[in-house]
Amino acid sequence: MLAFVARAAVAHGARPAPGLDNGQEPPAVSGDLGAGLGQAPPDGCHGPGLCLALSPLIRAVMWQFANEVTPCTGSTLSGGRGNRDRPRERFTIFSVLPAMDRKQKQGEKARPYGLLKPTALGKIPGRFQLHQEALPHLPVPPLQQTLDRYLLALQPIISEEELNHTQELVAEFRKPGGVGERLQKGLERRAKKTENWLSDWWLKTAYLEYRLPVVVHSSPGVVLPKQDFLDRQGQLRFAAKLIEGILDFKTMIDNETLPVEYMGGKPLCMNQYYQILSSCRIPGPKRDSIVNYAKGKKQSRHITVVHNFQFFELDVYNSDGSPLTTDQLFIQLEKIWNTSLQTNKEPIGILTTNHRNSWAKAYNNLLKDKTNKESVRTIEKSICTVCLDAPMPRVSEDIYKSRVAAQMLHGGGSRWNSGNRWFDKTLQFIIAEDGSCGLVYEHAPSEGPPIVALLDHIVEHTKKPELVRSPMTPLPMPKKLRFNITPEIKNDIEKAKQNLNIMVEDLDVKVMVFHQYGKTFPKSEKISPDAFIQLALQLAYYRMYGHACATYESASLRMFRLGRTDTIRSTSVDSLKFVQSMDSPDKSDQEKTDLLRRATQAHREYTDMAIRGNAIDRHLLGLKLQAIEDLVSMPELFMDTAYAVAMHFNLSTSQVPAKTDCVMCFGPVVPDGYGICYNPMDEHINFAISAFNSCADTNAAQMAHYLEKALLDMRILLQSTPKSKL
């Protein structure tokens with residue numbers, strides 16, 4: 001029987017430059033955006049979003065390929081990972097035989113299958129392109145709408161005097177026939193000529209032209225659950241299983257059989273999945289670039305393995321094209337380990353941690369030598385990097401996860417594991433001898449959905465029993481990558497070490513597991529868990545500082561072709577009213593509860609607006625960049641103090657839901673700010689909070705304390721008052 005196999009949606013998300021594309025928890029109320037798990041894909045979408053207007057012949061052929069789709073129940077509002085209340089790694093069978101009663105089949109319950117191989121046999125060439133071409137283009141929002149919403153977003157974060165001044169600037173900007181309308185028309189022309197009017201601009205301004213180091217300032221880390229091995233054998237066995245899981249996922253990407261994701265009944269852009277493997281960032285003097293070796297005839301067949309600062313090329317495919325098994329990979333990893341026991345090697349990878357301009361100069365210097373150039377190219381062309389780390393310094397249980405988060409973000413400094421990385425590589429999986437593990441990824445090619453989907457797939461794969469017996473064919477020795485270290489390169493390494501160690505000392509990171517409740521509680525109160533957590537962050541910040549601040553939460557634009565992110569501005573007029581009332585003796589509990597519910601509803605509405613391409617931040621950025629492109633003088637609106645305040649995100653936040661009990665972490669985006677990431681599980685919430693020690697006004701542990709109190713107080717408030725209809 002031909003079948004549709006639908007896997008539940010996977011997504012997560014970006015910050016401002018640099019960013020995490022955030023994953024929103026679907027609201028806990030009925031009548032939401034999405035079709036339920038077990039429902040057929042929306043009318044007009046066959047698997048990869050093919051339109052019903054296709055000829056019957058093409059449609060019949062595409063049906064025969066048994067395309068997989070990923071229906072996403074509820075609105076994964078800011079681009080997150082589908083309705084996580086239903087098991088994400090489940091499959092729903094949809095019969096496509098003409099004689100079947102489709103409605104009857106839609107009503108049947110989903111059958112849980114666990115993680116399965118794609119049902120489509122072999123490759124489906126052209127499937128990805130057909131899917132992409134069926135997606136709508138990102139709209140340019142109406143100018144007047146954006147300007148009205150901009151003024152509304154400013155109200156809770158600037159003074160009345162500043163607001164009056166900005167209102168005058170907005171009035172000038174929006175005049176009929178004025179500069180605003182001219183720039184808007186330029187944007188609309190650009191939208192007609194390009195696949196996505198924003199994507200290239202965003203890639204350049206948020207990532208490739210961003211000159212601070214990717215370490216801490218751009219690349220997120222993920223802390224995975226601690227593994228139970230305690231020695232080299234366990235480390236290498238786990239690494240072998242992990243690599244096998246990566247290759248299993250890569251097969252779906254290569255064969256174009258990756259399940260298409262849906263959000264709110266709409267197919268999502270899958271482009272980012274095709275950018276994360278075999279790709280790498282290349283430093284440039286003013287702007288970096290990205291190379292992708294997944295495309296073309298000669299695809300990458302190897303990964304890079306790093307141990308004791310030494311790099312190896314490990315071919316992960318047999319001569320017949322089949323991937324190496326766990327046993328084969330384990331043998332190869334043992335060979336690598338045994339030939340890299342020296343611990344006095346120059347940490348060449350530490351060069352990638354430096355300021356982008358400095359690294360670009362060092363990169364050009366490094367590549368003057370032919371041997372060095374060949375080694376660097378081998379790293380850049382590899383599918384991904386696997387870092388076999390030394391054990392972390394022993395710490396008490398209460399700060400263990402925080403230390404692991406730091407290891408994932410920066411490696412602990414030049415004396416620990418920072419030299420055991422190539423931070424320009426899109427994907428780096430980190431496995432330490434003491435069982436701590438996770439990854440760090442370079443953010444430019446992708447937001448989080450592909451990363452977390454891949455992670456969940458790998459974690460499930462590592463739990464599977466090993467069924468395949470390995471062929472006893474001897475495998476060649478993995479190739480050690482050689483580097484000739486000149487005095488000039490040695491000097492570049494020493495400078496990078498110094499700068500990195502300053503960054504490591506400056507980063508204050510705290511992982512907090514909130515055990516009192518998880519997403520189940522706000523859902524029981526008919527409140528979106530994401531909106532609830534965002535409001536708790538607002539309350540914690542207000543209690544600490546006595547005022548609200550500009551807050552960034554990313555919204556996915558993947559409903560549109562090549563969509564990246566926009567901003568959910570979590571600080572609103574309604575959120576400010578709630579946080580001001582919370583500790584006020586003049587307000588009754590019922591009034592406070594009503595304000596809480598109104599604020600969470602406002603957050604949901606802004607989120608809905610953002611994922612449909614109608615938020616304000618990317619539109620304002622587009623108008624600004626259009627002015628630069630048109631060589632006109634910069635409008636006063638963008639030179640205004642209020643605009644600077646609006647773009648200074650003291651709270652840079654992201655929800656990253658995952659099936660795995662993990663947490664993502666990233667650095668703050670402003671010197672006096674916080675980077676806060678969270679993964680709401682059913683009965684607990686994982687938080688990672690970062691700040692800079694160099695700022696006397698911020699403290700990650702203190703923020704964690706206030707956040708915990710806010711979450712507890714909000715629960716007490718809701719439980720003490722009857723539910724009321726707004």
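Any Cβ shown, glycine's included, is placed from N, Cα and C.
On a predicted model such as this, the values are computed, not experimentally measured, just so you know.
Between the stretches 14-40, 122-148, 473-499, TrEMBL puts its region 'Disordered' entry on 14-40. Each of the binding-site residues SER524, SER528, THR565 was assessed for Cβ neighbours inside 10 Å, and the highest tally belongs to THR565.
Taking the C-alpha positions, the distance from HIS443 (active site, proton acceptor) to THR565 ((R)-carnitine binding site) comes to 12 Å.
In this structure, of the recorded positions HIS443, LYS526, ASP530, SER554, the smallest number of CB atoms within 10 A of the CB marks LYS526.
Cα-Cα distance from SER524 (CoA binding site) to TYR552 ((R)-carnitine binding site): 26 Å (rounded to the nearest whole number). The record assigns LYS519, LYS523, SER524, GLU525, LYS526, ILE527, SER528, PRO529, ASP530, SER556, ARG604, GLN655 to the CoA site; their largest pairwise CA distance measures 26 Å.
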